[in-house]
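Chemist: According to TrEMBL, the protein carries these features:
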ACT_SITE  His129  active site, proton donor
ACT_SITE  Glu694  active site, proton acceptor
ACT_SITE  Glu694  active site
ACT_SITE  Cys728  active site, proton donor
BINDING   Gln111, Phe112, Ile113, Asp165  (6R)-10-formyltetrahydrofolate binding site
BINDING   593-595, 619-622, 652-656, 671-672, Lys778, 825-827  NADP(+) binding site
DOMAIN    340-417  domain 'Carrier'
SITE      Asp165  site 'Essential for catalytic activity'
Amino acid sequence: MLSKTNHLLRKFSSTATAYYQNKLKLALIGQSLFGQEVYKHLQKEGHKVVGVFTVPDKNGKADPLASAAEKDGTPVFKFPRWRVKGKPIEEVIEAYKSVGAELNVLPYCTQFIPMDVIDSPKHGSIIYHPSILPRHRGASAINWTLIQGDKKAGFTIFWADDGLDTGPILLQRECDVAPNDTVDDLYNRFLFPEGIKAMVEAVQLIADGKAPHITQPEEGATYEGIQKKENAEISWDQSAAALHNWIRGHDKVPGAWAMIDDKMVTFYGSSLLHGSPPLGEELAIKGAAKPGLVTENGLVLFGNDGKMLLVRNLQFEDGRMIPASKYFSADKLSAIELTEEEKQMAENIKSIWKGILSNVAVIEDTTDFFKSGASSMDVVRMIEEIKQKCGELELQNEDVYMAPKFGEFIQMVVRKHRGEGKEEELVIDYVSKDVNRMTVKMPYQCFINGQFVNAEDGGTYDSINPTDGSVIAKVSLATAADVDKAVAAAKNAFEHGEWGKMNARDRGRILYRLADLMEEHQEELATIEAIDSGAVYTLALKTHIGMSVQTFRYFAGWCDKIQGSTIPINHARPNHNLTFTKKEPLGVCGIVIPWNYPLMMLAWKSAVCLAAGNTLVLKPAQVTPLTALKFAELSVKAGFPKGVINIVPGSGSTGQRLSDHPDIRKLGFTGSTPTGKQIMKSCAVSNLKKVSLELGGKSPLIIFNDCELDKAVRMGMGAVFFNKGENCIAAGRLFVEESVHDEFVRRVVEEAKKMKIGDPLDRSTDHGPQNHKGHLDKLLKYCETGVKEGATLVYGGRQVGRPGFFMEPTIFTDVEDHMFIAQEESFGPIMVISKFQDGDVDGVLERANRTEYGLASGVFTKDISKALYVSDRLEAGTVFINTYNKTDVAAPFGGFKQSGFGKDLGEEALHEYLRTKAVTVEY
């Protein structure tokens, strides 16, 4: 029966766009803003409203419908009632009949209208009802639509009869109900705007003689009365969805409630919650099998199916409403004594209230803003006036709803003015050093959930200055338990926190602020990088820090440009289909970075990870943790919410726990190939998490005899000795064409002798210490192996005779392909030179590619055709032609073969931290 009805309704309910010829004389009976808008639209369409019948003024303030009609000069009648003891009041009926209406229109009416009035006009009466009749007859239809979990909502315009919402149907509309829709959502999105249009359409259908009278079916008919407070208690033995529906269906009036600490507490602002339970403090609720959790986002409740919902606001019996997240601090919100300045502010606000509530003689502490007749527009007006009169005081509309009584409102305003309720100030226990003509302040603890904390077991280790071997700081040594805490915080921030809900452009603004702060602190960061990693200060300032700032700015700009696409597909005829893709963040990402560029490697991976909307847990290299921890401090100043960024300094076991953790969805790693293989295996076994790896390299640099030799020498020196050779794309092996080989070697040895080795903070230093003693020892062993295998050591190869971990720039020639130093990466200041025959392009290409690595490569020649031929055949993720080390934040970076997979930097890097969802719609 219902399907037949809907078919007929569709036939008659298309919105007309032509000019209507037939007009009616109308009586509007009802009230509210909805009634006002229906009145205005009917007038606009040329119908004559001959009388408006509405409720009396409340507290001296007219109903919106009355105000609009009075302004137009339309007769307005304000009857408190239409009948007494079941009988119509004759004077009222006579007044009604005097206007001579041809149709009664009841957009929203709370009064009982006698049948004498309903049947009086030529065309009878039509009524708007906010449900798809015959379902949810009665005065609380929208509420029951939500309480019963209906998937569809809508409204009906029907012909009035002597039953309760039982008259024949004229017109219906319906809409989908979203899982977290509230009464206000449905009303504002659909029932209000579409209802106004439909009322106008219904009147015109009647005027044109085309209005149907469709008998309501009894099948599927329901009637629900008005819910009262005593009937709105929550029954806890239900699913989370049922609890959510009960709470949102009772939102505002009368309010679903439960007993907490022997007090009636009403719940407002419910939404379904997915994922794992967030961190919070347990709260016992009478009748609930499982305690709720008071979290930073609200009160988490559990259904009998183990699923969750979140309630944002709670109201006590005295009318006081608080954010649910503040439940345990509610007792601290007792009245505070105002200073003279605050008293003056209160008087200013009282004058604003008086201006809005002109019907209220005296504004007292108990004056309720809304019960005194204020509307939502008055809320906006009050907030803006307070901003004007009270300077920097920032209020939100929600603040008024949370404290509608004047006394409570003033207390709330004063607390905000005093700065109460703000995020607690970050407490940092620094290690301070007077160095490089400044005092450098360095955090040294784990950074978890927005706080610097000791490792759970109190463990620490020494971070060493490679310049002299001294201890800079005792740094917290994170354990597996600390990693678990950090992951839980990151997951909570992603699933339940502000970050996961944040507008993409707002996310970008935070990244821009962080870049600005890094630039503001660039000298301090470069100094920390110099003393913790041995980087030459001038290089650290330009590259380590400078490129880090550029990286965050670049990806900040991407935040609001991440988008999917629409895809044409075959239609499922006779219907149509639309398919589109969405790019979504992955969730919690683990990041493990190396020690050669501590901050820059952090930036390369973290900036894109955050721009994509993920949260992260980052493990810096054990030997260089300090710039990462300083970065964490700056991230708080930039405004990152708690839990979005977490830093866990530690050993290899810390990184292993990140690889194994089941709640991490992506792991980005830069480091050695053997460690990368172990990480990939762990990520597969744990939860098949997404992985990107930037691993070892043995990058070939080919120098042809037709090159610009001065440039090749200069660039070749940088290709090997840049950043002390601790450079993932360093030219691990140089192939020099035979006719220029000897001259090239002579010149690079000459240049190497000019390099000044010394304190990295000395602005004239070219070459600082190696990163740590273990690495220095490995490099010395590497040189010994080269000599033993028969390579010629033409320069260097020794430790410098001074404190610290300094090594001479080193140059080997006569290196054969089978030698260890020809095949394995040194990751240090060691130039490995091999000769190739003049003109043997393909031969040198075969030798250059005879490696399991493929990170970078280079070629020097004036012949562009030869350069492009070689670049096409080099098996490496990056090829430099007549330059080297020229990386840019907009260009993708990553290797082939055992140098890893996945890209850092550029647009391609975003794909490493996003997933693609395809959505197909049928319509």
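Any Cβ shown, glycine's included, is placed from N, Cα and C.
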Chemist: Compare the Cα of Glu825 (NADP(+) binding site) against each of the recorded positions Phe112, His129, Asp165, Glu694 and report the nearest.
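Modeler: Nearest in space to Glu825 (NADP(+) binding site), counting only the recorded positions, is Glu694.
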Chemist: Are any of Phe112, Asp165, Lys619, Gln622 (the binding-site residues) within 10 Å of His129 (active site, proton donor) when you go C-alpha to C-alpha, and if so which?
Modeler: Asp165
Chemist: Within 8 Å of the Cβ centre of Gln111, Phe112, Ile113, Asp165, which other residues of the chain have their Cβ, at the recorded (6R)-10-formyltetrahydrofolate site?
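Modeler: For the (6R)-10-formyltetrahydrofolate site the neighbour list reads Leu106, Cys109, Thr110.
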Chemist: In the domain 'Carrier' (340-417), how many residues does DSSP put in helix, strand and coil?
Modeler: 49 helix, 2 strand, 27 coil
Chemist: At the Cα level, what's the spacing in Å between Ile593 (NADP(+) binding site) and Asp165 ((6R)-10-formyltetrahydrofolate binding site), rounded?
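Modeler: Rounded to the nearest whole number, the Cα-Cα distance is 68 Å.
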Chemist: Identify which of the binding-site residues Gln111, Gln622, Thr654 has its Cβ surrounded by the largest number of other Cβ atoms within 10 Å, counting every protein chain shown.
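Modeler: The residue with the densest Cβ neighbourhood is Thr654.
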Chemist: CA-CA, which of the binding-site residues Ile113, Asp165, Lys619, Thr654 lies nearest Cys728 (active site, proton donor)?
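Modeler: It is Lys619, whose Cα lies nearest.
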Chemist: Non-local Cβ contacts of Asp165 ((6R)-10-formyltetrahydrofolate binding site) (under 8 Å, 6 or more apart, same chain)?
Modeler: Ile127, His129, Leu133, Pro134, Arg137, Gly138, Phe158, Tyr223
Chemist: Let me make sure I understand the span of the (6R)-10-formyltetrahydrofolate site: among Gln111, Phe112, Ile113, Asp165, what is the greatest distance between any two Cα atoms, in Å?
Modeler: 14
Chemist: Residues with Cβ closer than 8 Å to the Cβ of Lys619 (NADP(+) binding site), same chain and 6+ apart in sequence?
Modeler: Ala478, Gly590, Ile591, Val592, Ile593, Ile647, Val648, Pro649, Gly650, Thr654, Gly655, Leu658
Chemist: Once the chains shown are all counted, how many other Cβ atoms turn up within 10 Å of the Cβ of Glu825 (NADP(+) binding site)?
Modeler: 23
Chemist: Using only C-alpha positions, which one of Gln111, Phe112, Ile113, Gln622, Gly671 is spatially nearest the residue listed as 'active site, proton acceptor'? These are the binding-site residues in the record.
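Modeler: Of all the candidates listed, Gly671 is nearest in space.
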Chemist: Which one, from the recorded positions Ile113, Ile593, Cys728, has the smallest tally of other C-beta atoms lying within 10 Å of its C-beta?
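Modeler: Result for the recorded positions Ile113, Ile593, Cys728: minimum number of other Cβ atoms within 10 Å at Ile113.
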Chemist: State the Cα to Cα distance, in Å, between Gly671 (NADP(+) binding site) and Gln111 ((6R)-10-formyltetrahydrofolate binding site), rounded to an integer.
Modeler: 76
Chemist: In sequence order, which residues at least six apart in the same chain have a CB under 8 Å from the CB of Phe112 ((6R)-10-formyltetrahydrofolate binding site)?
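Modeler: Residues satisfying the criterion: Arg81, Trp82, Arg83.
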